[in-house]
Each structure stands twice: as structure tokens, then as C-alpha cells.
Amino acid sequence: MSTSVAGVLAVALLVAALWVTYRPFGDYMYRVFAAKRHLRVERAIYRLTGVNPDTGQRWPVYARSVLAFSLVSVLLLYLLQRVQEHLPLNLGFGAVGPALAWNTAVSFMTNTNWQAYSGESTMGHTVQMTGLAVQNFVSAAVGIAVAIAVVRGFARRRAPVAVGGPGGPNGPGGPGGPNGPGAGSRDDVIGTGDELGNFWVDLTRTVIRILLPVCVIAAIVLVAGGAIQNLHGNRVVSTLAGGHQTITGGPVASQEAIKEFGTNGGGFYNVNSAHPFENPTSWTNLVEIFLLLAIAFSLPRTFGRMVGDRRQGLAIVAVMAVLALGSFAVNAAFQTAHHGTVPVAVGAATEGTDTRFGVPNSALFASATTLTSTGAVNSFHDSYTSLGGATLLFNMMLGEVAPGGTGSGLYGMLVLAVVTVFVAGLMIGRTPEYLGKKIGSREIKFASLYFLATPAIALLGTGVAMGLPGERASMLNSGAHGLSEVLYAFTSAANNNGSAFGGISVNTTWYNTALGLAMLFGRLLPMLLVLGMAGSFARQHPVPATAGTLPTHRPQFAGMLGAIALIIVALTFFPALALGPLAEGIH
């Protein structure tokens, strides 16, 4: 079977698997956050931490909880790295330096997993298991929790009548009451106040009911495929050529599962998913791609269930799918364009790819990992053709909404939907409404700042790095490609992706500090802004739909939504792209 046929087959299987799981997995996540009962282990956690799980939080309280948990996570992971030499299973590694420890702590807390170090030669098993792997779970859970809180903001109904009374929405004769048509289906789940839920409950449920069960199964599947899972240290073995090689073992499969499923991306080994201990075969490669896309492509179904209109979720996921498939097609085309002597001879640009996967499956993995916030790699992105690499860069510049990271993809797409409805409202001269909520100046300010925050961080960081002579010395390439590498690094950090072009010596005090700040603000600023927007929507009374209301579930709206996403990227990043990968491609 040729690699092209294998690539087409892999895409077909992947699309089929995602479509089959879209409904059941999306419905399952809906039931997780709709459930009134708490599991016994959850109640124990709430008692231990002093959390009242039945108390709702308005958006400022929810946001403060996110900030507090995130900053404590950074501190604990930083301290764990700094005392590594005193920990068991440290494999003889000493304490991680202050700048690198800061960068790594922020990286894993923000779900970025940017790695300025080689995992097998820097981190011992204790730090890997109790620090990095734990953050892989909770950072993904934070993103999902924020997404669910944002959806609640759109779905909330403020009702002045007494809840539970005869005429109230949950009373005996009310629409959500036991005898009403809604019979406990929606108001019981969403509520009628302006609270966005309880962050600690959302976080706990996400980890225990969603991430842990799937990752246990996924780890077993990966072990069956050849991924390793042990507590071995470094072993020196004799090679066939008569030399010696050091092989590092460790709890790889368990970390690989959450690395992909939580769209984290940080590898146990320096070469990430190109290492045969992490990603042994072509079918485990497909399993890993499925894992990193599963949550992001199923959350729109959860969204549709929560807002009471499943068609809204279908419209969102359709835009995600079209953008994702288009990106893969363009990237694969650029990688097989046959420009140059070697690509013509072998049929594709194979530098930096693994022969186990070939160009199509490498391009598929690269597209999936940059369209989400994963950042894992099974090929060397810096070796892609200039326009192939530009496609990966463009994927991150989209804000990773096609489908995006765990949670961040959904709430990013919802902010895009708000902007799209606002633009459409301006064109027809009506007050814009989305899901029964009016979009006023307050909401559009939050949305505008959301789309300005990440590009500003990425472009400012790139500009400063290019302007400092000392930091330019860290670049191993000059010209357009050198600019592309720096732009890629800060775009990856600001968008919490974590993949890299390489070509830069980033384990320096300046780069560790600057990229750490880019990751921190790139994660927390958009979260705070989108929670503020959700809180503003939650305070509103729903507006009944009229003949002039824009239908947001139809193909016309989906087309506008995709166009707005592309236009925002083009207007924001085109000058930088023109100076970097586009200039290199034309040359």
C-alpha cells in the first residue's frame, strides 16, 4: 500500500471514529456536568478541601478560583523541580535550574507543555509522575471547566418567579417541573441565576469522570501497541555495531495517554511521539491523533445539549471540521509538491519524517497537533517545506478553534460566533442576538479584547526577541526562516500549543522567562475575558426569537463563522507571515 493511500485511509478512519463518538461522548459529558449527585470520592475531596459543592459562583468568583488554582499549581510544580535531587526515583538528576523550572511549571500549568529540555535527561520519574502528569490532567480539566462555565452563561435564564413554586419554572405545573414538558431536563441543569457553576466541582468531575477513565483505557491500548510502562532507569545496552547506547525507561504509556487526550503535548522523550517507546506503530499513531481530537470535537454536542438546541452544536462542529480538513489538505499538498531534487526523487519532502508514518500520516499528525493545543509531534516541523510550515503556523494563529484544545477550542469558537452575529447585525441594522441573549457594547468589548490578547503577546514577544542582539545570537538560522522560527516559538507559547520549529537555543534565562510570561498571559487573559463575557450574558433575560433573528444553526451562518475566523487571522498576522514563511516560500 502506498503512503498516499495509507494517508487517505487514515483520514477516513479518523473522521469515521470522531463522527461515531461525537454523539455518545458529547452526551456523556453533558450528563457529567448535569448530574445532581456527587460520587463518594468527589464528596471526600470536597470535605478534604472545604468546598461546598452546592454553592454556585458568579463569574468574578469563578475567575478568582481559576487564577488561584493555576498560580498554586505553578508554585508546587516549580518547587518539585527545585528539590528533585532529594526525591526518590530521580535517576541521578539534580535540581532543575530556576529559569527552566519556572518555564516548565508555567508550561504544564497552562496546558502548553513547551519543553526547553530533554525529558529523558532532565526529569526523574517522581517529577514526571507527580508533577508533570498531574498537571496534564488538571490543566486540561481547567480548560473544560471554563468552557462549561461559558456555555452556562449563554444558557442561563433569569426568572423572577419563585423556583419550585406552583407557577415557577420548576414547580408542579411549570415547564421544568415534574409534570411539565421539560420535566427536569434543562433548568435543573443550567439554573436560573447568574452563577456560572462551581469551578471546584467542574474541575473534580472532569478529572474523575472524564479524563481518568478514558486515559486508563488508552494507556492499556498503547501498551498493547508497544509503548512502554515501567519504572526502569537508564540502561546501557550493546548495539549491533559493537557500540553502547543508553536507553531510558519509565511510565511512558500512562503519560502518553493524557498527553494526547488532554491536548497537552509534552513528551516523556525529547523527540516526543516520534520515539518508538511513545508511539510504536502506525496504528498507535492513529489512536493518538484520535485521542487529541476526541474531546474538542465532542464538546460542541455538549454545548448543543446545554443550550437546548443540538443544531447549534452541529453548526459549530461543522465549521471546526471544514477548517481542520482544509488545513490538512493544504499541508499535505505542500509536503508533496515535489520542489527540489530530493523531493522529486523520493516523491515528497521526507526530511524530518519517520519512515514508519510517511509524509501523509506525519502531515495529519502535525495538522491535528497545531489545530488543537496539543503541540505533540511525530515529525520535525522545522524540516517542513516553507509553505507547509506556514500552514502549521497559521493553524495556531487561528486561535486553535478548529477544533482547538480541551475547552479552549469551544469557548474560542463561541467568541467567534458572538463576533459573527455582531457583524451580521450591523449589516442588517438589527440589535445582534445569540442564543436569545443580546450582544451589547460590554459583550463585544470582551470579545474584541479576547482576539487582541493572544496576537499582541505573540507579535510583541517576536519583535522584542528580534530586536535584542543577545537574543538574536540564540538563532541558528538567519533571514526569513530565522524569523519564522522565532515567530513560531512565541505563537506556540501565546496560544498554549507547545510545538516548536527548533533552530533556536531557547534554554536561556531570557527565553525561559519571556516564553513563560507569554504562556501565562496567553492562557489566563483569554480565560478571564471569556468568563467576563459569559457573566455578562448570564445576567440577561432571554429575548424571544423574532422573524428578524439571525438563525445561527444554518449553513449560511456556519459559512460566515468560518470566514470571520480566517479574516481575523489574515488581518492580524499577514505582515508577519509575509516577512517569514511566505517570503521564504516565494524565494
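Indices start at 1 and increase along the chain as displayed.
A Cβ is built for glycine as well, from the same backbone N, Cα and C atoms used for every other residue.
As written in Swiss-Prot, here are the features:
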| type | residues | note |
| --- | --- | --- |
| TRANSMEM | 1-21 | transmembrane segment |
| TRANSMEM | 60-80 | transmembrane segment |
| TRANSMEM | 89-109 | transmembrane segment |
| TRANSMEM | 131-151 | transmembrane segment |
| REGION | 162-188 | region 'Disordered' |
| COMPBIAS | 164-183 | compositional bias 'Gly residues' |
| TRANSMEM | 208-228 | transmembrane segment |
| TRANSMEM | 280-300 | transmembrane segment |
| TRANSMEM | 314-334 | transmembrane segment |
| TRANSMEM | 409-429 | transmembrane segment |
| TRANSMEM | 449-469 | transmembrane segment |
| TRANSMEM | 514-534 | transmembrane segment |
| TRANSMEM | 557-577 | transmembrane segment |
Any chance the transmembrane segment (514-534) and the transmembrane segment (208-228) have 3 or more Cβ pairs under 8 A, given the pairs are 6 or more apart in sequence?
no
Any chance the transmembrane segment (60-80) and the transmembrane segment (131-151) have 3 or more Cβ pairs under 8 A, given the pairs are 6 or more apart in sequence?
yes
Using a Cβ cut-off under 8 Å, which residues of the same chain at least 6 positions beyond either end of the transmembrane segment (1-21) come close to it?
282, 286, 289-290, 293-294, 297-298, 321, 325, 328, 332, 336, 348, 358-361, 363-364
Please report, as numbers and ranges, the same-chain residues at least 6 past the borders of the transmembrane segment (557-577) whose CB is under 8 Å from any CB of it.
315-316, 318-319, 322-323, 390, 393-394, 397-399, 401-402, 413, 416-417, 419-420, 423-424, 451, 455, 459, 462, 487, 550-551
Counting Cβ pairs under 8 Å to the transmembrane segment (208-228), which of 89-109, 280-300, 449-469 comes out on top?
280-300
Tertiary contacts of the transmembrane segment (89-109), as residues 6+ beyond its ends and Cβ separation under 8 Å:
70, 73-75, 77-78, 81-83, 115-117, 121-127, 131-132, 135-136, 139, 231, 233-234, 248, 264, 266, 498, 507-509, 512-513, 515-516, 519-520, 523
